[in-house]
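Enquirer: Take a look at what Swiss-Prot says about it:
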- GLY15, LEU16, GLU17, GLY18, ALA19, GLY20, LYS21, THR22: ATP binding site (BINDING)
Amino acid sequence: MRTNNMRGKFIVLEGLEGAGKTTAHQIILTQLKQAGIQQIVQTREPGGTPLAEKLRYLIKHEFEEPISPQAELLMLYAARAQLVENVIKPALSAGKWVLGDRHDMSSQAYQGGGRQLDVALLNSLKESVLGPFEPDLTIYLDIDPAIGLARASGCGELDRIEQQSLDFFYRTRERYLALTQHNEKAVIINAEQPLEKVTNDIQQAVQKFLTFAQ
């Protein structure tokens, strides 16, 4: 497949804690390189720039006072604005591909579903910060929250977000599914399957995307 004339594309991984995003990231990265795509910028949200990484710390850690859902949401969008304007858009304009660990769908699911913030507020912020900008492909790794959190708890200490109630994560998953089921630019992967099957499903989704991305 010819890939040297392909313009930059933005691929994003989404999913709950313990869904296997880190493993999936490496699977996709390897596949892109094997397809001849060598200029790949890797990002994560929140984070990805000096300021955004500081905001990530504020979002994920406990402080002397509770962090309100609205303050959390605004910090997430501040970090996202920095990353999109200073890293992602310049990379895409230069013909590079971007592989992201989370993007706006995370806020729609976690803050809209989990925190139950007003959808109109979320849509207004999204429009103000991102406008029509969106990933070319989103791969959502779907997993039962109880299974995902059990996996995540075995990987070290849980951060402030990961310590939310199980109901929080079930609401988040429900919103994720609502956002992805009828989204032509999104693919749902059953992350509860054996790793070999998950890997195959991810590779098939990426290959289909590459076929039409020329």
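Including glycine, each Cβ sits where the backbone N, Cα and C put it.
Given the structure is predicted, the values throughout are model-derived calculations rather than measurements.
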Enquirer: Same chain only, sequence gap of 6 or more: which residues have a CB within under 8 Å of the CB of GLU17 (ATP binding site)?
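Expert: The answer is GLY148, LEU149, ARG151, ALA152, LEU158, GLU162, PHE169.
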Enquirer: Including all protein chains shown, what's the count of other C-beta atoms within 10 A of the C-beta of GLY18 (ATP binding site)?
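Expert: There are 23 such Cβ atoms around GLY18 (ATP binding site).
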Enquirer: Helix, strand or coil for THR22 (ATP binding site)? Use DSSP.
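Expert: DSSP assigns THR22 (ATP binding site) to helix.
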Enquirer: Quick check: which same-chain residues outside GLY15, LEU16, GLU17, GLY18, ALA19, GLY20, LYS21, THR22 lie with their CB within 8 A of the centre of the ATP site CB atoms?
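Expert: Sorted by sequence, the hits are LEU141, ILE143, GLY148, ARG151, ALA152, ALA191.
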Enquirer: When DSSP is mapped onto helix/strand/coil, what comes out for LEU16 (ATP binding site)?
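Expert: Going by the DSSP assignment, LEU16 (ATP binding site) belongs to neither helix nor strand, so it counts as coil.
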Enquirer: Using a 10 Å cut-off, grab the number of neighbouring Cβ atoms around the Cβ of LEU16 (ATP binding site), all chains included.
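Expert: Step by step: centre on the Cβ of LEU16 (ATP binding site), count other Cβ atoms within 10 Å, giving 28.
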Enquirer: Among the binding-site residues ALA19, GLY20, LYS21, which residue has the largest number of other Cβ atoms within 10 Å of its own Cβ?
Expert: ALA19
